[in-house]
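The signal peptide annotation in TrEMBL covers 1-25. Feature annotation from TrEMBL assigns domain 'SRCR' to 33-134, 160-288, 312-412, 422-530. Sequence annotations record features per position, and here TrEMBL assigns disulfide bond to 59-123, 72-133, 103-113, 252-262, 337-401, 350-411, 381-391, 498-508. Look at TrEMBL and you will find 290-311 tagged as region 'Disordered'. Under the heading compositional bias 'Basic residues', TrEMBL lists 294-304.
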C-alpha cells in the first residue's frame, strides 16, 4: 500500500526519531465489518473486516477504546463499551488484515484510521481483537442494502435484465424468460453460458422479483443461436467476437441477494487476445412469478399451502413486497427482532411470500413498530430455506428485544410496467398533482384524467403505490388550482373503486363506458403523496380489563345526548327521569407509525363544544358498536367528534399536542391518546339490548379520512357476554392479530373480569 506522508519536514523528524508515519488505508469504498464468536450477542464478538473478497481479523496491538468506538459506529451502534484482547471470542481464520490500528476516534470508518497497511502484520490469531458495543443502534443505521453493490474485484455490476427471444416470451408481462444481460460500468453485456448453473439462475430471478427458477430447453435455444451465427449479416454475429459484449463467467452459490455478490470474471484470465466465450452462447434463464404477478389465474391450492403461506406477512409498507416482518406463532401474530437480521434471512421471507430476493433488510422499526409479542430474534438463515420457520432463531424474549428493534424488508418485485401508465401533473412538487392515466381507447393508448366521483383515500393509496411515491396523504376531488397536461384533458376513467391491494389503478373496478357526472375540468381526481404515515392501534388488553356496566341517570346525560352519544330510544324518554345502561371502558390509541397523526381539517374549521369545553377536530374518529354473533348491529356509542392529544409519551419523547387553550391537536409518533372510562361518551348505550352473547367492536378512523400506513389494525373486537346484570369482555384483539378462526371460547379465556353494576 502507498503511504500518505505528511509534509517533508514532519517525515524527516519522524525518521530521526526512528518512527514511521502511520499508513492510511486507501480504499475504493468503505470496508465491511462484522462481529463473530461463539454464542455472542449481536453487539459483541471478534472483529473481522472484509477485504479483497475475504474476511480477515484485526490484531489487538495498539487497539483501544477509540478504535473500538470507530468500529462500533461503523457497525451501526451508538458507541463502544470496551474491547477484548487475546482472542477472547475465539481465533479467526484467514488473513490478519490489520495491525497497529490507530484512530483518533472521530473517523467514520476503520479504514480511515492509520495502520501498518492491509495484510502487514506480525501477529497470530491468538491476538485477534474483540469488541463490545453499546446495544443501542444509532439513528442513521437503518438497513443493509444491495444497491451499488461491489463485486469481489471491486467491479460494479449494476443491474440485470432478461432479453426475451421467443415470441411468446415477448408477450408476457412481466418478462420471465430470456437471455441474461448485465449492466457493467454503464454498458449492457450478455453472460456466457459456459459453466452457467441453476444457482446462477436463482440469483438472477431473485433480483428480478421472482421467487424461483426452472430449467430451459437449451437444445432449442442452441438451434436458434446457431441459425443467427450462420447469417453473416447478423449483428449478433459481429458482436459476439468482441470481448466487450460478454461477461466471461459467473459463479453463484444461489443464496446471494445480488449478482455482484457472486464470483464474477468479466474477461478471460490471459488478456483480451482470447475470446471471452469461445463456442458458447448467451445464458438463458426462465423464472417463475409469484401469485401476485402470475399472468394467468393461479390454480386452486390446497388448504395446507394456504395455512403455510399465512405464517409470515408484511405490514405497514407503502409498496407491495415491503413492510414490517410478522410471523404467526401460537395463533397470534408477532414481530421479528433485528438482531442478526440480514439480507439472506430477509430473502427467505421475500421468496416465501412470492417475491424475489431482498434488496434491503431494515432495522430499528424503520417501517413502524408492531404491538404484541416479539416472536423471533437472531434469525440465522442459510438462504435455501423454504420458510422462515426453517431457519435457526431464538425466542424474541430471550435477549431483551423491544419493538423499537422490529425488523422489516423491501423485496425485489417484477417490473410490470405499471409505473409508466400513470403520472401527476400541475402540482407544486413531484409528489402531488392531477392524476393522469394511460388506457387503451379502441385499441390505441391514450392519456387522460380520472373522474373524481367516488374518489377516496383508498384509490389515492393505490395511485401513490403505482407511482412509487409512498403513501397517499390526501385524495383530492377538486383540482381547479392544478393545470394538467393540455393533451390529457379528457376523462378516460370513471367509477374507480379499489380494494387497496391493487398494484395499479388499471386493476381496480371501474365503469365500462366512461360516465362522469361533473365532466372534465376542475373535478378531475388528484393526490398528494408522502414518504411516511401514521398508524393507529388500540390497546386491546386495556379495553378488556376496564369494561363495566353503569346505570346513569338522564339528569347527568344532557351533554352526551347533545353530542349523539346515546341510542335513538333516548330521544323518546321523559327527561330528566329515568336512566340509561352504559357499557363503559377505557381506550388507549397508540400511534405506531412514522408520522404524526393529524386531523384532516384545519384549525379554522374545528368545532367548539360548550358542553365539554374543548374543540373537536375530527367529525367521526371512532365507532363503538355491539353486534350479534352474525354481525348485526344492536347498539352503538360512536364518538361523533374527537379531541386529539398526546396523553402520554415514552421516555425521551416530548408531548407536542394538547387540546387545552385551542392547542394543536394530533398524536405524536410513539405516543398515545387515552380516553378514560369515566368521561362522557366513552361507552356503548346497551339499554335496549337483551341478555346474550355478542361481539363488542371498536373501529378507529372508520371512514379512512386520515391516511395511515396500515388500516388492517384499526378494528378491535372482543367477545361479550351479557346476562342482564353483568358483562364480560374476553378475547379482545385487533383485527389483524389473530387468524379469523383463532378466537378462544368463553370457557378457555383465563382472565375474565366479573363486572357488576
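Cβ coordinates come from backbone N, Cα and C, glycine included.
Ranking 160-288, 312-412, 422-530 by CB pairs under 8 A with the domain 'SRCR' (33-134) puts 312-412 at the top. Within the group of disulfide-bonded residues (113, 337, 381, 508), the Cβ with the highest number of other Cβ atoms inside 10 Å belongs to 337. Here residue 252 (disulfide bond) comes close to 197, 199, 200, 202, 203, 259, 261, 262, 263: these same-chain residues lie at least six apart in sequence, with C-beta atoms under 8 angstroms from its C-beta.
Residue density at residue 498 (disulfide bond): 22 other Cβ atoms are found within 10 A of its Cβ, drawing on all protein chains shown. With residue 133 (disulfide bond) as the anchor, the candidate disulfide-bonded residues are 113, 350, 391, 401, and the one with the nearest CA is 401. Within the model, the domain 'SRCR' (422-530) carries an average pLDDT of 89. Local packing around the Cβ, expressed as the count of other Cβ atoms within 10 angstroms, is greatest for 411 among the disulfide-bonded residues 72, 103, 391, 411.
If you take the Cα of residue 411 (disulfide bond) and the Cα of residue 123 (disulfide bond), they are about 42 angstrom apart, rounded to a whole number. Cβ crowding, taken as the number of other Cβ atoms within 10 Å, peaks at 133 among the disulfide-bonded residues 123, 133, 401. Set side by side, the disulfide-bonded residues 59, 262, 350 differ in how many other CB atoms lie within 10 angstroms of their CB, and the most is found at 350. Checked against residue 72 (disulfide bond), the disulfide-bonded residues 123, 337, 498 differ in C-alpha distance, with 337 being the nearest.
The DSSP breakdown of the domain 'SRCR' (160-288) into helical (H, G, I), extended (E, B) and coil residues amounts to 39 helix, 35 strand, 55 coil. Closest to residue 113 (disulfide bond) in space, going by CA atoms and restricting to the disulfide-bonded residues 59, 337, 381, 498, 508, is 59.
Taking only the Cα positions, the spacing between residue 337 (disulfide bond) and residue 381 (disulfide bond) is 14 angstrom.
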